[in-house]
Amino acid sequence: MNPAHLLVLAAVCVSLLGAAIVPPQPLNLYQFNNMIQCANHGNRPTWHYAHYGCYCGKGGGGTAVDELDRCCQTHDNCYGEAEKLPKCSPYYKTYKYDCSEGKLTCKDAPGSCERSVCDCDRVAANCFAGAPYNNDNFFISFKENCQ
């Protein structure tokens, strides 16, 4: 076999090996992103919510700093309730929904994991759209502000 072909084959194998050990990315976050954009009509990029206050983004704790941060706290609590359902992993569970002129509608059966997660995301997206955004609360120090 040609050395160049062996090099390409080795690179592909290493890439596949690396892909096999990378944990799956939360599929639901893609849907949640789309819900946020639907509810706020694309007026604010979703990443603006990723490190906002004490609860928006990964983890959370302390006292929410404002209305928008309380939206995230409520969303975190909602996911916590959804996790109590059998085999329900809110960060990975996908669901069916519609977005029409800023109105979000969850389509899965009431009481199902999918519907519960969808409702968590729908309520949060609508809450985000209605809450004021304070730039001073973006990337605040968790240690100083959220204890």
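Counting starts with 1 at the first residue shown.
Cβ coordinates are placed from backbone N, Cα and C, and glycine is handled just like the others.
Between Cys99 and the candidates Cys38, Cys146, Swiss-Prot records the disulphide bond with Cys38. Looking up Cys120 in Swiss-Prot gives a disulphide bond whose other cysteine, out of Cys72, Cys78, Cys88, Cys146, is Cys78. Checking the candidates Asp66, Asp76 against Swiss-Prot: the one annotated together with Tyr55, Gly57, Gly59 at the Ca(2+) site is Asp76. Sequence-distant neighbours of Gly59 (Ca(2+) binding site) (same chain, six or more apart, CB under 8 Å from its CB) are absent. Neighbour list (Cys56 (disulfide bond), Cβ cut-off 8 Å, at least 6 residues apart, same chain): Tyr49, Ala50, Leu68, Asp69, Cys71, Cys72.
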